[in-house]
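According to TrEMBL:
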- B:20-42: transmembrane segment (TRANSMEM)
- B:48-69: transmembrane segment (TRANSMEM)
- B:99-120: transmembrane segment (TRANSMEM)
- B:148-172: transmembrane segment (TRANSMEM)
- B:184-207: transmembrane segment (TRANSMEM)
- B:227-248: transmembrane segment (TRANSMEM)
Amino acid sequence: MLESIHLTKNYLNKKALDDVSLKLEEGQIYALLGPNGSGKTTWMKTAAGLTKPTSGEMLYNGSPVGIESRREIAYMSTEPYFFRWMTVEDVGEYFQDFFDDFSSDRYRELLAEMALTEDMKIRQLSSGMAAKLKIAATMARKASVFLLDEPLNGIDLIARDRIMEAVISSVEPNVTLVISSHLVEEIESFASKAVFLRNGHAVEVCDVEDLRVREGKSLAYKYREIME
Amino acid sequence: MKHLLKYEFRKTRTVKTAVLISTCIFEILFLLGLLSNAAVLLGTGITGLSFCATLGMLILGLVSISVLYRELNSCQSYMLFLTPNSSYKIIGAKILENGITLAVGGICFVALAGIDLFLWGVQASDFPTVIQLLSDMMGNIHLNPADIARVLLVLFSGWLSIITIAFFAVAIQAALLNGRRFGGLFSFLIFLAVVIGVGIVMANLPLGQGFLGSVLLSMTFPVSTGVLYSLLYLGITALFYALTGWIMDKKLSV
């Protein structure tokens, strides 16, 4: 499974992650929470193999993340990243070419749910439509780990529930899902675990159900407790 | 690798189409000039075709460098590095695409030049005069298929080495600056420094010459000189391919 060991990432003028050790369990839905600049994206990008750690390790099934782990880890960034010359159909073709676990049928189903058509050009998509396309392309994979970085950014209120249903329904029982979001109340309804990051440190990991039952606290309340 | 190559070709297809269309337009002008004996059309056609052959190849190389720069300095890099491909494969596909484009483009333009010369000769009914005219235009260079092949080989391998050095410069810039301002300028300065460095090293080798010197020397010296220079440039390409792959694999965060 996915594990970071004393992971540190420095940029020129900032320490994005500072000695973060986290071990994710299989089959759980993690809410990765923290204010802007807390290291959520850096942690996810390191897990996806996009960012090289300054020190420490990011392991997948005991081996450092790399080419092989990319076959099983699906990452969806906050920013749009498809080539601008592509159409929606081209994106599906690209994912089909590079990812053995990508299902074109599932992709088309998700496109239909998101009200997107294959002839649409990437450069002409609104930010909301681009966000939906990212979700469709990512969730059409049968990955073992999904890392979704603020998947509901730019999505209108009505579409959010439908999209989260599509995300949860795409995920099989033994799959690990990590979602970072500022919409704490919205992801509380389906997250099983929560990881709190602040200033590049992993502050706490808790079980959402335990938090509710034993401490009588919501995730949003816990978030405020930790961050304030 | 084949999928990476497929998308590398797709990324530059607009520019390639533009070069192809321009070539067709100038070829039509040349043919019209031949048919109508209009020197202006003939001259415009020949000049235009020469520009398409030289500038066209140059522009295609610059566009592929620009594509790599944009990819490594924006989120489009995710499209490359989220796939289960090594950095060596990713940059290898780009170099291979450049090489294939250069080779196919070169062969097509040489073939087109041959056909046009033939047509011109047929129209003039006087091949030797046509060849003499061209020789006079190009000075004392003797047109010999072996010479042409040798020069083209050196040009091909030399240009490919320059493209690869440019890729190396872009990769270093991306690893150090990570999308910050003046990245393009920084890349260009690194590129210049490396090219000058390589030129100095080459000048100190036996028969050492810079890029232009090697092209000229290969025209006048035996075949083996041209082959040696080609191998040298291919070696430079291989070296900077390996260095670029290493930087992208170990040092680049996107």
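Cβ atoms are placed via backbone N, Cα and C, with glycine included.
Packing against the transmembrane segment (B:99-120) from elsewhere in the chain are residues 9, 12, 16, 19, 23, 27, 30-31, 34, 46, 49, 52-53, 56-57, 60-61, 130-131, 134, 148, 152, 155-156, 159-160: each is 6 or more residues past its ends and has a CB under 8 Å from a CB in it. For the transmembrane segment (B:148-172), the most Cβ-contacting stretch among B:20-42, B:184-207, B:227-248 is B:227-248 (pairs under 8 Å). Within its own chain, the transmembrane segment (B:184-207) is flanked in space by residues 69, 161-162, 165-166, 168-170, 172-173, 176-177, 214, 217, 225, 228, 232, 236, 240, which lie at least six positions past its ends and keep a Cβ under 8 Å from the stretch.
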